[in-house]
Amino acid sequence: MPELPEVEVVRRGLERWVSGRTVADVQVLHPRAVRRHLGGAEDFAARLRGRRTGTARRRGKYLWLPFDDDTAAESVLAHLGMSGQLLVQPAGAPDEKHLRIRVRFADDAGTELRFVDQRTFGGLSLHDAVPGDPEGLPDAIAHIARDPLDPAFDEAAFHTALRRRRTTIKRALLDQSLISGVGNIYADEALWRSRLHYDRPTATLTRPRSAELLGHVREVMTAALAVGGTSFDSLYVNVNGESGYFERSLDAYGRENEPCRRCGTAVRRRPWMNRSSYFCPRCQRPPRPATATPPASRPAVPPLSARAAS
DNA sequence: ATGATAACCTGGGGGC
DNA sequence: TGCCCCCAGGTTATCA
């Protein structure tokens, strides 16, 4: 659920409240929260103590906090998973039920950084930077593609890669090695805006069509970011524990049986890859079902049985 | 190699 | 009241 806009909201909070502070102490309260740190919890805590943080960065749904000392080329990598929160809390505030990691600082600001995560899909870890990378990109996420709000996002390469894939459009949007930062919510929203069905084969997209889709991905993420992201409940909050307001602006996601804001047709929910896809059956027509018959001998009009299947 | 799927995890909510 | 099952879903390991 935390997708690019929500993670960017958190990054800005870290930049304001955490960057430039020196770590005094780290408590790992749940080992799973540092499972991506190969050295283990003790090593994670020991290597953070005494370090001063630099500017928080983000790629897609990943955040990292470099250290501003020169032993740099190392940073704390964070992923929120489905329910992770990074909170800046008064040091005396009661522990959250799902508090996993606490970071205390060596200053008198009175606040500490907390990683809270109910479902424990998220976590923190320490990684070296990709050698020579100007932003200090952690090597653990070198396979993550640039996100659509990154000025260096290569639009031409995206179109080429999309056309080369032998898959369907929503799968491709969720593939973080192709384009990062898009999750189930913004994928459905961008597809609705583009009038594209989630099962449309990527190979059938013309370049103008995929350019339009990319434009809608950017638009919906920018709009969400402007109002602090999407929150359905208290699980998704900024570093001060506040929720965003984009939920009320969603056009497709979570709107099963509600009227499409374009044509009034009831929005449908379909099971899809162990989750759900929301779409308007009128605006987003399903692709023609695949046929085993070679194109040359396929009848001009598909049999009724094939069309009824959709 | 590529693409598709299961597993990881917890709590809220609905049905009975 | 309580029990069971389903649902939310990003990422990775594993399978075909």
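Heads up, residue numbers simply count up from 1 along the chain you see.
The backbone N, Cα and C atoms fix where each Cβ goes, glycine too.
Of the listed segments A:87-114, A:143-170, A:283-310, TrEMBL assigns region 'Disordered' to A:283-310.
When the recorded positions A:LYS61, A:HIS98, A:ARG119 are compared by the number of other C-beta atoms lying within 10 angstroms of their own C-beta, A:ARG119 comes out lowest. According to DSSP, the secondary structure content of the domain 'Formamidopyrimidine-DNA glycosylase catalytic' (A:2-122) in residues is 27 helix, 45 strand, 49 coil. The recorded positions shown are A:PRO2, A:HIS98, A:ARG119; of these, the one with its CA atom nearest the CA of A:LYS61 (active site, proton donor) is A:PRO2.
Nearest in space to A:PRO2 (active site, schiff-base intermediate with DNA), taking C-alpha to C-alpha distance over the recorded positions A:HIS98, A:ARG119, A:ARG275, is A:ARG119.
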